[in-house]
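What follows is one structure encoded as structure tokens, with my remarks underneath.
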Amino acid sequence: MNAAVIDSKHSQDFIVADLSLADWGRKELDIAETEMPGLVQIREEYKAQQPLKGARVAGSLHMTIQTGVLIETLKALGADVRWASCNIFSTQDHAAAAIAKGGTPVFAFKGESLDEYWEFSHRIFEWPNGEFANMILDDGGDATLLLILGSKAEKDRSVISKPTNEEEVALYKSIARHLDADPVWYSTRLAHIKGVTEETTTGVHRLYQMEKEGRLPFPAINVNDSVTKSKFDNLYGCRESLVDGIKRATDVMIAGKIAVVAGYGDVGKGCAQSLRGLGATVWVTEIDPICALQAAMEGYRVVTMEYAADKADIFVTATGNYHVIGHDHMKAMRHNAIVCNIGHFDSEIDVASTRQYTWENIKPQVDHIIFPDGKRVILLAEGRLVNLGCATGHPSFVMSNSFTNQTLAQIELFVEGSKYENKVYVLPKQLDEKVARLHLARIGANLTELTSEQAGYIGVDKNGPFKPNHYRY
């Protein structure tokens, strides 16, 4: 790789912001490894077997330092990898540089345009020497969507003829351009995919929809619903990274403010805890009576967005839904209200409706939306993931849980893929418990061991699994 590659955003080898950041990135990768015991131990356990030898992984997941450790783990187990970020703002440029310098084709930099984002999503499927990706590692489902929608458009271009938002404009234009060059670009690549492992709630929802409709073209493992992912990454990760993003972006004092968390799933629970821990009065909006009751029993006030809009100071969406905060909500907000999203896509806040007003950029990923009456609303990360757009995402330790699950899921689908139908699966309980076990020593936790008599009394193997699949942690 030569100097031209460093400066060009049109290289066929990789596209990163600045390769000179690689040494900094390598130092942070080394530090992160000390906080990612699951991935490190999986490398040691499987490196001799090389279970991913022959796997060509197309990865679409936030290109962070922690993701760099995941990529190097996949490669240590035999995989070839090409990588793009799954969000235009989430890349850490020094991480991308370090991974690119290490020989992995990476197509990611912080602040991509939507056109660049979808071009990079294509690049992870463009393998040299006539080869094709045979595995997808996805976060949010965009890589999976790209091949499936593109294959559909090969037969009927009308499916990409009516975009409804700026994201679809860029996506459809990108697909049309590739079809003009190769009318079977997508179906050719789709035919080689053995399966996908999906990281997040939003992407999993897409997979289940396709399974229900009979449109899922390959097996999928739902990594998100592994207990050691959803109850750790989603809850404890967001509990730390949400306020990190808000405070880096705004320097606001959270104590004494009224903060609204839209959605009280695992992500919302972590967000509410962190805001209350810093002294905010936390209100929750919910559609689900069970989650609403949970929030109320934890001492949060459960309200509607219509009620809260003109009263609260900080708004956080964590629903995975559409237009949870709409134009009229923002129009009603107080001067300098802070609005942000920690769900995967930018559709939770109706950002498009505010483009009619004046925007004033304060610094990267921090904008004032100036309404006609002079009131300003502070929008973070343009409504995209605030913890990755305005900070560095979840801590390494909790991401080790998630990425150990991802690695085990990739191994399972690649090695045992023939036994799976085109359905969505979760990892077995034994592997979930294994992931947790790998992380205990790092934080000084010691397990109590059942005696044979105790195991027999409750009807479990003394080495686990300890809970039935229906158990709710």
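Using N, Cα and C of the backbone, Cβ positions are placed for all residues, glycine too.
Keep in mind the model is a prediction, meaning the values are calculated, not measured.
Residues Thr64, Asp139, Lys229, Asp233 are recorded by Swiss-Prot as substrate binders, and the candidate that the same record lists for that site, out of Glu33, Glu35, Glu198, Glu199, is Glu199. When the binding-site residues Lys229, His344 are scored by other C-beta atoms within 10 Å, Lys229 scores highest. With respect to Glu199 (substrate binding site), the closest of these binding-site residues in Cα terms is His344, chosen from Gly263, Val267, Glu286, Ile342, His344. Within the same chain, the residues at least 6 positions away from Thr202 (NAD(+) binding site) whose Cβ sits under 8 Å from its Cβ are Gly140, Gly141, Gly320, Gly343, His344, Phe345, listed in sequence order. DSSP assigns Thr202 (NAD(+) binding site) to a helix.
For Glu199 (substrate binding site), the number of other Cβ atoms no farther than 10 Å from its own Cβ, over all displayed protein chains, is 27. Cβ neighbours within 10 Å of Ile342 (NAD(+) binding site), excluding its own Cβ and spanning all shown chains: 30.
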